[in-house]
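Enquirer: I grabbed these lines from TrEMBL:
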type: DOMAIN; residues: 74-516; note: domain 'Major facilitator superfamily (MFS) profile'
type: TRANSMEM; residues: 21-42; note: transmembrane segment
type: TRANSMEM; residues: 154-171; note: transmembrane segment
type: TRANSMEM; residues: 178-198; note: transmembrane segment
type: TRANSMEM; residues: 204-225; note: transmembrane segment
type: TRANSMEM; residues: 237-258; note: transmembrane segment
type: TRANSMEM; residues: 264-282; note: transmembrane segment
type: TRANSMEM; residues: 347-368; note: transmembrane segment
type: TRANSMEM; residues: 374-395; note: transmembrane segment
type: TRANSMEM; residues: 402-421; note: transmembrane segment
type: TRANSMEM; residues: 427-450; note: transmembrane segment
type: TRANSMEM; residues: 462-482; note: transmembrane segment
type: TRANSMEM; residues: 488-511; note: transmembrane segment
Amino acid sequence: MPSFDEVLKEAGEFGRFQKRVFFLLCQTGITFSFLFTSVVFLGQAPGNYWCRIPGAAELSERCGWSLEEEQNFTVLPLRLGNRSSGGECERLDVVWDTSVSCTNPLTHYGNHSGDNLPLAACHDHWVYKQPHSSIISEYNLVCGNAWMLDLSQAVLNLGFLAGAFILGYAADRYGRILIYLLSCLGVGICGVIVAFAPNFTVFLIFRFLQGVFGKGTWMTCYVIVTEIVGSDQRFVGIVIQIFFTLGIMILPGIAYVVPTWQGIQLAISLPNFLFLLYYWVVPESPRWLLTRRKGEKALKIMHSIAKHNGKYLSPHYSEITINNEEVSNPSFLDLVRTPQMRKNTLILMYGWFASALIYQGLVMRLGIVGGNLYLDFFISGAVELPAALLILVTIDRIGRRLPFAISNIIAGVACLVTAFLPEDIPWFKMTIATLGRLAITMAFEIVYLVNTELYPTTLRNFGVSLCSSLCDLGGIIAPFLLFRLAAIWLELPLIIFSILAVVCGLLVLLLPETKGISLPETVEDVEHLS
């Protein structure tokens, strides 16, 4: 009986059918990038806000004050008397009632010298010029609650982590396309609920669930694309990353046009419902069907692929070699039981962790260094396009391992150099920082490809999901590490990023080269990979 790769070569390794499925599933990269980076725009800092004095709302209505007049009566005395207070996190320790004068409300409370005004910490009653522009103004994530914005991104990454385990396992047990479609439905529903969450607790719960299902869509579509093409066409896994980058470039345009965070949230969530139409055009992975001993269904799909590609399968292709391993449900022990699998798993886990932490750290660093958020975010996405092109040029000529290692080392060196460059040559500092962003993007994209090529079909989705869960751990740590270390020294996070990247570059040299090698079908294939 012919092997699956032999049948695939006869049916067409990257014909019209695969190109259509590939293009359709690539759209998932755009929506996933929306979810992955949306906190930058959902959590924009409110432009102007202050803490309202108790009774100020009623007094403002009685006196006919505008918001600007109320702000002047509330905040101006603070700024004149105590220059360390801007009125955002502290307020005058008074209560305004009906006996207060509309022209000079503070005279009722005695004559306090300018530097001895009574102050109190603000715990609620903030006033925003744009109350629904971001989740910060919606849920009062300011002052003592500012850390909750970091929590919202950490919760999303925690959802990615849970999704990697739960849905990665489910995709290897119940099928790729079923889990993909259920995940798309889940992302859409949870995204809509997030947009209308009545409080921050509900927001966090469904943002976590959106992370769970979002990870299911991304990892499963990536595996499907990789499994239906030949070994020479697995560059499609890199091209999917280009669509992720396109999403990063599109997102600031959406945020610029849509004025409220609810509108942005709906705009990035609703497209997921369109992916449910793929039920009629994207088949189950025939490789997966073979591992579940469903050879007849796999062969039927292969005949359909051949027909769409204008090919014809020979009559003797009535059966395909079925995996001889006993069909079992995947577990973590399967990934570390044998020497080569164990080495691959541990190195890939670290590679995912380092790449994600550095990548997300450099993206969020844009908010620290200032500038035009929309333009800077667009440029940061555009910088990633050459990364995919460089990978496409090198992986089929040089291989996977060397570009993987070099990109990590360059990223580490660039971060280190950027940290010690003086501020008076900003163009040079920005150039080196951009080089680091380009290099870590290459490393982040290559780890996806290498991960799928180093695991057998029986464990591929589970293995990729499990290893990439360390990416989510890096995403959970990144915001806290960046902002806490930057408070000590702005460039200190870059030193940490540099060490992580160089160590990763050295470790990946220990991985086997997979250029031009068929995807392994069994654990034994991985142990003898060459």
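Just so you know, glycine gets a Cβ as well, placed from its N, Cα and C.
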Enquirer: Within this structure, do the transmembrane segment (237-258) and the transmembrane segment (402-421) have 3 or more Cβ pairs under 8 angstroms, counting pairs 6 or more apart in sequence?
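Expert: They do not touch: fewer than three Cβ pairs between the two stretches lie under 8 Å.
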Enquirer: Quick one: do the transmembrane segment (374-395) and the transmembrane segment (237-258) have at least 3 Cβ pairs under 8 Å, skipping pairs fewer than 6 apart in sequence?
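Expert: Answer yes, regions in contact.
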Enquirer: What is the pLDDT of the domain 'Major facilitator superfamily (MFS) profile' (74-516) when averaged and given as a whole number?
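Expert: That stretch averages a pLDDT of 83.
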Enquirer: Decide whether the stretches the transmembrane segment (178-198) and the transmembrane segment (264-282) have at least 3 CB pairs under 8 angstroms, with pairs required to be 6 or more apart in sequence.
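Expert: Between the transmembrane segment (178-198) and the transmembrane segment (264-282), contact is present.
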Enquirer: Report, as numbers and ranges, every residue of the chain located at least six residues beyond the transmembrane segment (237-258) whose Cβ falls under 8 Å of a Cβ in that stretch; write 'none' if there are none.
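Expert: Same-chain residues near the transmembrane segment (237-258) but 6 or more away: 22, 25-34, 36-38, 41, 221-222, 225-226, 264, 267-268, 373-375, 377-378, 380-382, 384-385, 387-388, 391-392, 395, 441, 445-446, 448-449, 452.
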Enquirer: Sort out the residues at least 6 away from either end of the transmembrane segment (154-171), same chain, that have Cβ-Cβ distances under 8 Å to it, and list them.
Expert: 35, 39, 179-180, 183, 204, 207-216, 219-220, 223, 329-330, 461-462, 464-466, 468-469, 471-473, 475-476, 479-480
